[in-house]
Amino acid sequence: MASPEAQETGETPAKENQVATGAEQTRAPASPLKRSWLVRHFSLLLRRDRQAQKAGQLFSGLLALNVVFLGGAFICSMIFNNVAVTLGDVWILLAALKALALLWLLYYTARTTRRPQAVLHQDPHAGPSWVRGSLVLFGSCTICLNIFRVGYGVSHIHCKSQLEISSPAVEIIFIGIQTWVLWKHSKDCVQIQTNFTRCGLMLTLATNLLLWLLAVTNDSMHHEIETELSALTEEFSGNNTNTCLCLNVTACVVFQKGYLMLYPFSTEYSLICCGTLFVMWKNVGRRLAPHTGSHPSTLSFHLHGAILGPLLGLLVLVAGACVFVLFQIQASGPAIARQYFTIYYAFYAAALPIMSLACLAGMAIHGLEERELDTLKNPTRSLDVVLLMGAALGQMGISYFSIVAIVATRPHEPLNRLILAYSLLLILQHIAQNLFIIEGLHRRPLWEAAPESLAGKWEAEAPRRGSLLELGQDLRQASLAYIHSYSHLNWKRRALKEISLFLILCNITLWMMPAFGIHPEFENGLEKDFYGYRTWFTIVNFGLPLGVFYRMHSVGVLVEVYLGA
């Protein structure tokens, strides 16, 4: 046997050689040529796949951009020179785009999704129940709107062209098929024919965007209804006119009322379809990890003992319903008295500050909570934030235009002061609610954070356990502790749930009033006299559907915040 001195002297050079070898390895990493051929081959394939995905997204995005620019040029030409480019020309272009989009939707449903390995994954965050329910609701209302358009055209068939009657019929078919496809396939992550699928999705998205743009800017139907009413007045007063009048006055009144009431739903439907199609486009070729399948959609909606938030929200809902009914009864007459405008704006001036204070309290509680931020890639959440910020611009834009009109004309009148306060409070409430919702969406839910922390604890304590039986007992105790802590809310989580429920009911109230009623922004006459009929009509038609969409979208994301609290 070697002596201890010899062993020590033998071990020392060996250690020095190992250290030198490690230093050489750290100084000179292995070159790509020394790696295995299989690793290099798969890394090259992965790089090519990413490049192909970026190229497909770029090409499909450019296709949608060109289609939108072409349709926007047609619509703008119709607005500024309605002799060279008429509304019929725009309808023909949109009919061609609808036909192409319909062919792709049918091909996607019949061929692409039925092939093997076509849809390997489904995004659990995409196409939540409230989005699909909104698609069906607003799609049905838009179909009813086009039925009223067909009825109105048939009642004026002696002076209407066939294009004015056939265009709503084509739109009914397009909306019905598109709603069915989006309801069924909104969660798909398609893995085959990716470039063709991206182009089809972008073409359909561009078509819906042009339909929204036409609905925002086209006031021909409103002008025609006002012209017909003035012609009837002149006829009853004894003057003869050559205006195209309705054959059945009762039926025309029904078609006109139905068209005016359902008009915002068509723009709303187009916006929802654009958002759903964009999420599907982002999910094309996406491969989800197995752990992303767990989602709180399996959890049921419980109140968890929340009382104050639902009670205050129900009070706001009942008060809003009463104001809505009073205003609608008054709006059915020839003119609306100023006192009903006062009641309408006073309700908003009372509800908006309470909602803003609730949002600020929720943000303060979020700051007190020690919860990690969810930084994982989530296209649906990113789109929710973008839509929330973009849709808020609608009512905020109308408010800013109202503020300028009031300050520049008659700011000292009592009603104008109330409208000015309403506009300022509406802007502040949108900002506060957006901050509260966005911060709540980026908080990691407890069903994701708690199991991960428990798993780390089990992994750290596993080497100290002596048997599988002890491990199973500890796992059961940890799971029971997690269930107990989840079912019993602390004051911060309870307050967040109370605030979320209150804001949900308030947003439902503020969604119902502009969605189903006559709009005071256009009926009070102040901004219309200041900006002119055509300009203010475009501003209201641009901002009002965005405002309705904002309230509906806020309800959906507030449910997510409530479930994650």
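The count begins at 1 with the first shown residue.
Every residue gets a Cβ built from N, Cα and C, even glycine.
Remember, TrEMBL labels are computer predictions, not curated facts.
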Looking at the candidate ranges 167-183, 269-285, 422-438, report the one that TrEMBL labels transmembrane segment.
269-285
So are the transmembrane segment (343-365) and the transmembrane segment (499-519) touching or not, going by 3+ C-beta pairs under 8 A with a sequence gap of 6 or more?
yes
Out of 58-84, 90-109, 306-331, 385-407, 499-519, which stretch has the largest tally of CB pairs under 8 angstroms to the transmembrane segment (531-550)?
385-407
Checking distant contacts: for the transmembrane segment (58-84), what same-chain residues at least six beyond its ends satisfy Cβ-Cβ under 8 A?
90, 93-94, 97, 195, 198-199, 201-203, 205-207, 209-210, 213-214, 217, 281
